[in-house]
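Feature annotations, courtesy of Swiss-Prot:
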{"type": "DOMAIN", "residues": "1-108", "note": "domain 'MTTase N-terminal'"}
{"type": "BINDING", "residues": "C10, C43, C72", "note": "[4Fe-4S] cluster 1 binding site"}
{"type": "DOMAIN", "residues": "110-339", "note": "domain 'Radical SAM core'"}
{"type": "BINDING", "residues": "C124, C128, C131", "note": "[4Fe-4S] cluster 2 binding site"}
Amino acid sequence: MKINFINLGCPKNLVDSENIMGFFKKENISSYHRADTVVINTCGFIEQAKRESIEEILKAIGDGKKVFVTGCLVYRYKEELQKEIPEAVFFENIKDLEGIELLQTPKRQLTTKHYAYLKIAEGCNRKCSFCAIPNIRGHHRSKSIEELVEEAIYLKEKGVKELIIVSQDTLYYQEDNSFKSIIKLLDALEKLDFPWIRLMYLYPNSISKDFIDYIDNSKSVLPYFDIPLQHISDNILKSMRRGYTKKDVFRLLEQINAMKHKKPILRSSFIVGYPTEEERDFEELLDFISQELFHFVGVFEYSHEEGTYAYQFDDKIPKEEKQRRYKEVFNLSQEILEEKNSALVGQEIDILIEKKDRARAFFQAPEIDGIVFLEKSSPKTGIIKKAKVIANIGTDLLVDI
């Protein structure tokens, strides 16, 4: 049997895929074209992701593959999928599969070389009106510090230089929400001497002054704040059930920017076209983003998802209008990023060389924040070096090492 794995969706899904791969012998893992069997780990978070997942399943079936499907789409629509696509096998636990030889002592197979994600929890206890994740993944469940340290040691032995901590609500680790438990975990991980530790998905309400101070004084935790605000209008934030106000956001950003030892890098993401979003709310969001408080901005069109609190609202904003608002925010975010990158020209930055001709700066998370091109090829990869920025190429950078 030759088996290929297709991962769709977020970094948390990638960790799941890598763990599933660990149940198979390396020699059985193959490219898509050589494989007779395909395992697809789906995303079912929003409409676009659901369409992509279905398309991948049907393509693999059409290509004559034996298809096994798992992930959020299966957790959410397993019965419907089994009825509509009987050619595929849909599963929630790899150990439930019959007729496939699995290793008894699985070891996670990394698909990335110099960085890896450490998923510290599953599920979410938040009640955001637009989000289906609690329905799909269940309530928040944390892994123990001991289990995570053991996994991190394994990743370190595999040559990982950057450890990226992820979950649906990272600072809610061990259902503490007062930052103390996540600090205990970070203390334990710092002892392993990863050069870079990055945290993703920081819920605004959970970012305390003490946590900010910890980042400011940490030797390896990067001053990278990924804070998905979703909106800035108080009307929309209240309807979204986010639990904070515009004033709270500005107070938080002021605290972060008051760091004494490090210069913070901020990323956020926003939803446009939410059912109750009026033009004035959208203009308020544009004005907020235009203040250039964030280095990186992600934007998504609202997806009307059954089972969510917001599903009771009339999804009245036309698709064309959602697309217009999306394009305005996206274009603005790209302009801001180009300006911020231009300001880096002539400065020295720390980079992780991932390939002979490219790298990432400490302020760039994989896949979403752009890349760094090397003017001259590096003979070594997997090393962190100082580099001088000599140009910005759109939203990317060119450096001399």
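One is the number of the first residue shown, and numbering goes on along the chain from there.
Quick reminder: no glycine exception, Cβ is built from N, Cα and C everywhere.
From a predicted model like this one, the values you see are computed outputs, not experimental measurements.
Shown on the structure are the features that Swiss-Prot records.
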residue: C10; record: [4Fe-4S] cluster 1 binding site; Cβ within 10 Å: 19
residue: C43; record: [4Fe-4S] cluster 1 binding site; Cβ within 10 Å: 20
residue: C72; record: [4Fe-4S] cluster 1 binding site; Cβ within 10 Å: 25
residue: C124; record: [4Fe-4S] cluster 2 binding site; Cβ within 10 Å: 23
residue: C128; record: [4Fe-4S] cluster 2 binding site; Cβ within 10 Å: 20
residue: C131; record: [4Fe-4S] cluster 2 binding site; Cβ within 10 Å: 23
8 Å Cβ shell about C10, C43, C72 centroid, [4Fe-4S] cluster 1 site members excluded: L8, G9, K12, N13, T42, G44, F45, A49, G71
DSSP-assigned states of the domain 'MTTase N-terminal' (1-108) in counts, ordered helix, strand, coil: 46 helix, 20 strand, 42 coil
C-alpha spacing of C131 ([4Fe-4S] cluster 2 binding site) relative to C10 ([4Fe-4S] cluster 1 binding site), in angstrom: 15
Candidate binding-site residues C124, C128, C131, pick with smallest Cα gap to C43 ([4Fe-4S] cluster 1 binding site): C131
Averaged pLDDT, computed only over the residues in the domain 'Radical SAM core' (110-339): 95
Neighbours of C124, C128, C131 excl. site residues, C-beta within 8 Å of centre, [4Fe-4S] cluster 2: R126, K127, F130, A132, I133, P134, Q168
Whole-number Å value for how far C128 ([4Fe-4S] cluster 2 binding site) lies from C72 ([4Fe-4S] cluster 1 binding site) (Cα to Cα): 18
